[in-house]
Amino acid sequence: MVRNSSDEEEDHRNLIPQNDTRDNDLNLRPDARTVNMANGGGRSPRSALQIDEILSRARNRWKISVNKRYVVAAVSLTLFVGLLFLFTDTRTFFSSFKLDPMSSRVKESELQALNLLRQQQLALVSLLNRTNFNSSNAISSSVVIDNVKAALLKQISVNKEIEEVLLSPHRTGNYSITASGSDSFTGSYNADICRKVDQKLLDRKTIEWKPRPDKFLFAICLSGQMSNHLICLEKHMFFAALLDRVLVIPSSKFDYQYDKVIDIERINTCLGRTVVISFDQFKEIDKKNNAHIDRFICYVSSPQPCYVDEDHIKKLKGLGVSIGGKLEAPWSEDIKKPTKRTSQEVVEKFKSDDGVIAIGDVFYADMEQDLVMQPGGPINHKCKTLIEPSRLILVTAQRFIQTFLGKNFISLHLRRHGFLKFCNAKSPSCFYPIPQAADCISRMVERANAPVIYLSTDAAESETGLLQSLVVVDGKVVPLVKRPPQNSAEKWDSLLYRHGIEDDSQVYAMLDKTICAMSSVFIGASGSTFTEDILRLRKDWGTSSMCDEYLCRGEEPNFIAENE
């Protein structure tokens with residue numbers, strides 16, 4: 001039976017197996033799809049179901065394939081992490097992923113540098129204001145120059161600090177960017193500005209003290225406190241050397257007990273012969289005359305001859321000292337208006353064949369200042385100075401410095417008790433308000449670059465407390481160290497306890513002088529003999545500094561009270 005082509009095609013379609021895995025029309029050739037469409041073309045319901053089933057199976061297979069891939073990826077990642085921990089330094093590895101802090105460090109340094117530049121600007125403005133002074137408050141040119149130098153040095157240091165701050169973020173590990181060498185410059189310049197004073201010992205002019213053993217000069221010192229008496233005693237030595245006499249040290253019943261604070265016998269050692277003797281030794285030598293003063297040749301004539309009143313004459317006689325003749329002066333000499341005298345004038349007026357003479361108090365004597373003010377004084381000897389603290393006081397001062405101060409410190413003698421009226425009687429006054437004094441001290445601290453100040457003062461706690469709060473440099477309070485009250489737990493003053501002189505006020509006064517004389521820089525009180533004796537020791541010991549000065553030198557107090 002002959003079948004037409006259309007029947008054969010239909011039979012062919014019906015013979016396709018149900019489990020055929022080929023895709024739908026998307027997988028048919030283009031020409032087959034064209035023929036199918038031309039013959040009326042839609043699929044039967046059965047063929048549509050078969051295609052859906054095929055698509056569902058394909059999707060299931062895809063899901064299984066994806067799940068397998070996830071498992072493989074997870075296993076691979078686990079193996080990788082395990083190998084990473086086994087064969088690498090994880091700390092180093094993960095640290096490499098940290099954020100670089102360089103930018104934040106640079107920003108912080110820049111802010112610090114800006115702040116320092118602002119401080120530098122304010123300091124330079126302050127310096128400019130300090131140099132703009134008028135004639136009513138004239139500051140000596142040397143003071144201005146010193147202050148300008150110190151301020152400029154300070155600003156160089158600030159500039160160095162700014163440089164360090166800006167460079168700090170760039171210093172990492174062993175690598176370092178080096179700043180300029182201004183620190184060595186400022187260090188050497190700072191040392192130079194407060195360097196020790198050249199003593200010029202080779203230019204020293206002296207006289208010999210070779211006394212006749214039977215000729216004596218009886219020392220009498222009455223004005224003021226211990227410092228005045230020591231200055232008077234030193235001048236007596238000069239007179240004794242000029243007059244070829246042995247100097248008799250006064251009795252402690254008439255004057256201070258000098259052997260507690262100075263070593264009398266050491267003076268003889270320094271000259272290699274007996275030039276001074278104690279009052280007791282004098283009485284022993286002069287037994288025949290019963291300690292008799294043959295003649296008073298008074299250096300001072302006014303307000304009273306020899307500056308000795310009747311009460312002191314009675315005290316001398318009470319010691320068994322007899323006095324021959326009257327108290328007479330060879331010239332007119334007023335303590336309020338001292339006249340400059342020469343060595344030749346003294347020898348002419350005071351030369352005598354009498355065995356024992358006295359010239360009275362010579363504290364106010366103004367004689368041969370160029371010789372007297374030399375390091376070591378006007379007399380030839382082999383020591384640094386003739387009058388210096390005893391060995392006990394000297395070692396105690398050294399122990400105090402080692403305990404509390406160290407090598408580099410400023411010493412300050414701040415005289416306050418009874419000083420207000422004394423200073424206001426002078427022109428200009430030397431009594432400064434505490435805030436003004438603190439400003440002067442702070443400037444000196446900047447110049448000397450010292451970390452601590454030793455304070456020798458008779459001021460009340462209310463004044464020293466205020467001063468301590470106001471002495472500020474670079475935003476930091478500079479410590480003011482005072483000698484502490486006696487404490488048995490502290491051993492720095494054990495030598496004084498051991499020798500029974502721990503309760504003597506004159507011993508502690510000399511201890512204060514000794515500590516001040518050993519400082520790097522000294523600030524004194526103008527008009528105070530305590531300060532003058534410290535300056536003498538510093539000059540003789542070679543500790544004087546180019547920065548040594550009186551408090552607020554060249555300035556007047558910014559406020560002065562009226563007279564009563």
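Cβ atoms here come from the backbone N, Cα and C positions, even for glycine.
According to Swiss-Prot:
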- 1-28: region 'Disordered' (REGION)
- 70-90: transmembrane segment (TRANSMEM)
- Asn129: N-linked glycosylation site (CARBOHYD)
- Asn134: N-linked glycosylation site (CARBOHYD)
- Asn174: N-linked glycosylation site (CARBOHYD)
- His413, Leu414, Arg415, Thr529, Phe530: substrate binding site (BINDING)
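What Swiss-Prot annotates, mapped onto the structure for a quick look.
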{"residue": "His413", "record": "substrate binding site", "Cβ within 10 Å": "23"}
{"residue": "Leu414", "record": "substrate binding site", "Cβ within 10 Å": "24"}
{"residue": "Arg415", "record": "substrate binding site", "Cβ within 10 Å": "23"}
{"residue": "Thr529", "record": "substrate binding site", "Cβ within 10 Å": "21"}
{"residue": "Phe530", "record": "substrate binding site", "Cβ within 10 Å": "21"}
Among His413, Leu414, Arg415, Thr529, Phe530, the annotated substrate contacts, find the widest CA pair distance and round it to a whole Å.
12
To test your reading of the substrate site: which residues beyond His413, Leu414, Arg415, Thr529, Phe530, same chain only, put their Cβ within 8 Å of the Cβ centroid of those residues?
Ser456, Thr457, Asp458, Gly524, Ala525, Ser528, Thr531, Ile534
Provide the three-state secondary structure of Phe530 (substrate binding site) computed with DSSP.
helix
Where Leu414 (substrate binding site) sits in the secondary structure, as DSSP reduces it to three classes:
strand
